[in-house]
Amino acid sequence: MSDEEDYDIAGTLALAGSDSEPESDLNSDNEEVQDEIVSDEDDTKHKPNKKQKLEKGKSKQTFPSLELSDDEAENESKDMASYFVANNPQAKKAKNGSFPSFGFSKFLLTNISKKGFKQPTPIQRKTIPLIMENRDVVGMARTGSGKTAAFTLPLVEKLKSHSPRVGVRAIILSPSRELASQTFKQVKEFSKGTDLRSIVLIGGDSLEEQFSSMMTNPDVIVATPGRFLHLKVEMELELKTVEYIVFDEADRLFEMGFAEQLNELIAALPSSRQSLLFSATLPRSLIDFAKAGLTNPVLVRLDAETKISDQLQMAFFSIKNNEREASLLYVLQEVIKLPLASPEEVKRYSDMEKRDNGSEDEAEDENNNKKKRFKFKKERLPPANMLPSKHSTIIFVPTKHHVEYVTTLLKDAGYLVSYIYGTLDQHARKQQLYQFRIGMTSLLVVTDVAARGIDIPILANVVNYTLPGSSKIFIHRVGRTARAGNSGWAYSIVNEKELPYLLDLELFLGRKVLLTSMHEKKCEMLKTKQSSNYVEPKVSYTDRLVLGSIPRVDIETFQELYENILRNHYELSVVKGVATKGEKLYYRTRQSASQESLKRSKEILSTGNWDDQHLLFGPNLEKEKEKFLTQLLNRKSKETVFEFNKKGNDRDEDSLVEFMHKRRKQIAPIQRRAKEKRELLEKERMAGLTHGIENEILKNDGEIGYSGITIEADEEELQDAFEDADELIEKKKIEKKKSFRDPQYFLSHYAPAAVIQDQQLSLSSSFANDAAKATFDLDNDEKLNANKQVMQWDRKKGNYVNAHSTDKKFIIGESGQKIPATYRSGRFDDWKKQRNLKPTKTGAMEANATNGNDRRFKHKKVASPKLPDKFRDDYHKQKEKVKKAVDSGLKVKGYNKPGQKQELRSTEDIRKAREAKDKKKQKNARPSRKRK
């Protein structure tokens, strides 16, 4: 049997499990989470009573292998898999490096196969075996590498089933609401077929509903730190039963201001827990990770963090001041060739907006006061290996004000746009992301902070509206395209102030900046050298950072278009003013470029060639025009208007002519020296340029960048703080060969705890020193415009007070830190009293009545209709409703069938009854004792 025809254990198990499961189970899960736009693989249709067959030599379509091209030797992964296969008897027959080799249970392998996963990604191959060995792991891999499954699969395998004892067993903390929702969806899908109870706790949801969820005794909690701490303090939760805690996107957890919440939560966790930290980057804030209580952590780091895909092509467009908007419109329309929205698409988009806003869902029936809900067919998400749309593009902007500005501009230009920023409402986030993922909109405008955790598998293009201040942020941005072997483009708009950051990126990536003048000079040298055999070299947009400007004629056309849009839309001009102010604050807080790059950028700007027409647009048609203008500047006759047509005596007697003659004599030496200086600088520049190009030609390097530049962190320092995963496996293999010891029962005479303490107390090898080598910081644009003092009217005090005043009541938490006292408001106690619930104690056995199916109470009461009114248009319609209700057994107030006693009295009967009552009162009533 060849390698291509290997027996797929996971797929076989999945097929065996799917035959025995009814279709209703699959559909019920989809209905339960149909409003969560987080997964790509839920559009697989299951047909009952039909077995699926895998063709030989043809693999089933799987989730894209986003990391298979990483610099990871095959023998290393095989050694790692073989080691853990040897220790797990259930996985000895499984193929090395596959999911069954990790020792997963049958139900988990079935769920993995249903999700479409066939082979684990590199981060999963390295971390899952270590997590199964109960080691604390720090995992570093880029976005989209499968980090979520790397910690979710071991979680489900370890917990296996619901525990009858009260207490949370696993906690997953995410920095954003949408990321928490995505992780919760993954946990639900991988734990399908078990009785594990999982809930999600995010801000913006009802506290009462979350109280109900917590009372179901969940095993797994996926939450954001702020809301989880709120519930912990409000409900006085004990976390002594926690076995497994995950900090997802750990760098953002600390950078977004969750340090206070995390320190409070960490203090309440037991020391025997297993802690996992997963992130796309290693920022400066990792010094706080040492406080998280990791014990002898293992660092799993992939080399792809400082690299970009080989299929990614990049173009950098130089612009002048106030041309950024016009350049963006040109890139979208002429480079990406994104079509404008058709009337049908606009109508479809508006219908979806109305549906999501609830204008149609809340149409009220006038008669029975019940809400009528229109049924609609929810669009399916495309598979993970397909583009949401042909021209799907994500645009990165610096602040949320730019998101509003660019979104308004593109909508006015005729595009359908989705947008996401940090403070956007949770429902609006889901709605905007869903519209982009189903292809309703082709553009998504986001900030760097909001883009973290957004689950978009494949994109066609990435546009950097502004060049980021960090090279690693650039890699994070462009890493969202050119995945899974697909090609992609990244377009960046660069002005003079951002040129130093481009030069920093040149050094970071090891790819040289290529100007149009450099390419032309290279072509001239090759033409001279090769003569008749000359072939113009192709420009590599993957190995070079090609910089140039957009054609001047085209940019002027789009500049006029932008000015017309701005002139005709007042709202756009208002939003532009806000974005301009936000941009100033952003530039003020952005980290500066290196001094060497600043110096080099000034040299490039002085040459005047940095904004030549980009090589992407072919030959420069404006060059002939420029040559003609240059000839006019170099004409022999350089007379001014004062000397023109002045001849003979008139020329000699004119005072202005004499003045210009003297002026030329004075300026001539200065002009001569300036000309000599320019020629000398040009010779020096061309000498260096020619030397570099000649070296490339002689060495046949082509478009290769810097080969000697290294950007990796110091491995010696990292080894002092972490154990390397590969070395750990190799060490275990050697010990297994040479030693007779059984690792499960042998007690060593060494004291590893003391060694760990010595390493932690060492000043030269600390976690903070290691983390400082690889930094990646995102500026939180939400806090840029937060003034230190904002005066607000206090109605109780009757005067203005500081809105950000620290005059608040605090309570001391378990960590000794002060936390807001508003967390403990007594709402849970009131909620519990209303339902007569008894207090539960962590560790005790749960009550049998505890319901963990996450199903809400549904009202099934049928109300009787109102009586028909003869003076209304719907009299006959309402009469039929009343008749049907009476026939079904309902009692309609005031309605009697023919022959029954009339319960309602007429106005004449009421009048007669009142007259009889008055007569009786006059006859029998006693006189009043009150004084008149």
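Residue positions begin at 1 at the first shown residue.
Heads up, the Cβ atoms here are built off N, Cα and C, so glycines get one too.
The region 'Disordered' annotation in Swiss-Prot covers 1-74 (among others).
Taken from Swiss-Prot, the feature compositional bias 'Acidic residues' covers 20-42.
Here Swiss-Prot flags 97-125 as motif 'Q motif'.
According to Swiss-Prot, the domain 'Helicase ATP-binding' annotation covers 128-300, on the basis of sequence analysis.
Look at Swiss-Prot and you will find A141, R142, T143, G144, S145, G146, K147, T148 tagged as ATP binding site. In the structure as shown, the Cβ atom of A141 (ATP binding site) sits within 10 Å of 27 other Cβ atoms.
What Swiss-Prot lists as region 'Disordered' is 349-375 (among others).
Summarising the annotation, Swiss-Prot assigns compositional bias 'Basic and acidic residues' to 349-358 (among others).
For the domain 'Helicase C-terminal' (369-529), the model gives a mean pLDDT of 83. Feature annotation from Swiss-Prot assigns domain 'Helicase C-terminal' to 369-529; the stated evidence is sequence analysis.
Taken from Swiss-Prot, the feature region 'Disordered' covers 860-932 (among others).
DSSP places the residues of the compositional bias 'Basic and acidic residues' (867-877) in helix, strand and coil in these numbers: 3 helix, 0 strand, 8 coil. Per Swiss-Prot, compositional bias 'Basic and acidic residues' is recorded for 867-877 (among others).
According to Swiss-Prot, the feature compositional bias 'Basic and acidic residues' maps to 900-918 (among others).
What Swiss-Prot records for 919-932 is compositional bias 'Basic residues'.
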Note: in the chain of T148 (ATP binding site), residues six or more apart in sequence with C-beta under 8 angstroms of its C-beta are Q182, T183, Q186, D248
Can you tell me the three-state DSSP label for T148 (ATP binding site)? helix
Go ahead and report the DSSP secondary structure tallies for the compositional bias 'Basic and acidic residues' (349-358): helix first, then strand, then coil. 9 helix, 0 strand, 1 coil
If you rank the binding-site residues S145, G146, K147 by how many other Cβ atoms lie within 10 Å of their Cβ, the lowest count goes to G146
How do the residues of the region 'Disordered' (860-932) split into helix, strand and coil according to DSSP? 31 helix, 0 strand, 42 coil
